[in-house]
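Okay, so here's the structure we're looking at.
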Amino acid sequence: MANLRKTHPLLKIANDALVDLPAPSNISVWWNFGSLLGLCLATQILTGLFLAMHYTSDISTAFSSVCHICRDVSYGWLIRNIHANGASFFFICIYMHIARGLYYGSYLYKETWNIGVVLLLLTMMTAFVGYVLPWGQMSFWGATVITNLLSAVPYVGGALVQWIWGGFSVDNATLTRFFAFHFLFPFVIAAATVLHLLFLHETGSNNPAGINSDADKISFHPYFSYKDLLGFVAMLLGLTSLALFAPNLLGDPDNFTPANPLVTPPHIKPEWYFLFAYAILRSIPNKLGGVLALLFSILVLMVVPILHTSKQRGLTFRPLTQFLFWTLVADMLILTWIGGMPVEHPFIIIGQVASVIYFTIFLVLAPLAGWAENKALEWT
């Protein structure tokens, strides 16, 4: 008699995705980040659910309800710290996952890649509305500044901003709807993740060599299930260590002050994982231009598959493009640093140069390097 997991309509789906899935035998630890993102999402939904049980989305009580969670709710401080720092780990895993995709040419699975970019945008939106909920100074002013960017949309901008605010400024209506969105989006992300996996399993995983691995596949369980488990332990160790020993390390001190519309903080800046995009936004001295650059800094990922010129898939055997990849990584770090700095010399010019380099690598240098490497292959 056939095994139940192979015949049962529901178990069969799980079996084909998690047990009997044929996986390339040579995928490295860089392929762990997909499952880690699944763990991050599950952790955020669970901790978020428990926080939502005690949180009130009203401007008069939001800040004190967060204080109440940390002081009076059993292990509330732990749940909140894991949720806040879990977002940071979520974005670390996302950026590693995208970097892996760029390095090894995984973006050539176009549907999987484009759903991934949509997932990134959804996650960024979720994190943004979530940051507003504690209703501290940086929550309020961050919401004001970022939503105000929509006023740069020609003709309908002003009306659009007021529609999102639910009034003439960031107020109670804004907080209430942001809480509703923050509760809803993770489930949209979970649904999009299922699509992401569905399209991935149509083709199977890519591998570090960038060649067809049909001749050498191994089953997902036990090999990669245990490998993923090791990743889970490592990440949870890092997350709990941060949440227990330095919970406020990555936060902004301004958010310990309740929101005050009459006092503007000296430096309005988002959480660290948005600083690179914030630096690109600020590097253009024009509102609409800045907003478009901000948008395109993420959407540029969608044109990467179109601009792939190389005959090889990954960068494993392509030293020229490898150099460009690591230049891009360094450039992202510089942009992250600049995003947290005040708008003054020399930070302005550094940010502008780094922004130009960011787009040049994606749109000009990487396709040129691929073409040059093809030429070099012809000479041998």
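Note: Cβ is positioned from N, Cα and C throughout, glycine not excepted.
What you see is a predicted model, and the numbers here were worked out from it, not measured in a lab.
For reference, Swiss-Prot has these:
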{"type": "BINDING", "residues": "H83, H182", "note": "heme b b562 binding site"}
{"type": "BINDING", "residues": "H97, H196", "note": "heme b b566 binding site"}
{"type": "BINDING", "residues": "H201", "note": "ubiquinone binding site"}
{"type": "TRANSMEM", "residues": "33-53", "note": "transmembrane segment"}
{"type": "TRANSMEM", "residues": "77-98", "note": "transmembrane segment"}
{"type": "TRANSMEM", "residues": "113-133", "note": "transmembrane segment"}
{"type": "TRANSMEM", "residues": "178-198", "note": "transmembrane segment"}
{"type": "TRANSMEM", "residues": "226-246", "note": "transmembrane segment"}
{"type": "TRANSMEM", "residues": "288-308", "note": "transmembrane segment"}
{"type": "TRANSMEM", "residues": "320-340", "note": "transmembrane segment"}
{"type": "TRANSMEM", "residues": "347-367", "note": "transmembrane segment"}
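Listed by sequence, the residues of this chain that lie at least six past the ends of the transmembrane segment (113-133) yet keep a Cβ under 8 A from its Cβ atoms are 55, 57, 62, 66, 87, 90-91, 94, 97-98, 101, 106-107, 139-140, 142-143, 146, 174-175, 178-179, 181-182, 185-186, 188-189, 192-193, 195-196, 199, 270-271, 273-274, 298-299, 301-302, 304-305.
Of the candidate binding-site residues, H83, H182, H201, the one lying closest to H97 (heme b b566 binding site) when CA atoms are compared is H201.
Comparing 178-198, 226-246, 288-308, 320-340 for CB pairs under 8 angstroms to the transmembrane segment (77-98), the maximum falls on 226-246.
In this structure, H201 is the one among the binding-site residues H182, H196, H201 with the smallest number of other Cβ atoms inside 10 Å of its Cβ. Most Cβ pairs under 8 Å to the transmembrane segment (33-53), among the stretches 226-246, 288-308, 320-340, belong to 226-246. Non-local neighbourhood of H83 (heme b b562 binding site): Q44, T47, G48, L51, each in the same chain, at least six residues away, with C-beta under 8 Å from its C-beta. For the transmembrane segment (288-308), the partner stretch with the highest count of Cβ pairs under 8 angstroms, out of 178-198, 226-246, 320-340, 347-367, is 347-367.
The Cβ neighbour count for H97 (heme b b566 binding site), using a 10 Å radius and every protein chain shown, is 20. Panel annotation: around the transmembrane segment (178-198), residues 17, 37-38, 41, 44-45, 48, 52, 55, 57, 112, 115-116, 118-119, 122-123, 125-126, 129-130, 132-133, 143 of the same chain, lying at least six beyond its termini, place a Cβ under 8 Å from a Cβ of the stretch. Same-chain neighbours of the transmembrane segment (226-246): 29, 32-33, 35-36, 39-40, 43, 78, 81-82, 84-86, 88-89, 93, counting only residues six or more beyond its ends whose CB sits under 8 Å from a CB of the stretch. Here the C-alpha separation of H182 (heme b b562 binding site) and H196 (heme b b566 binding site) works out to 21 Å.
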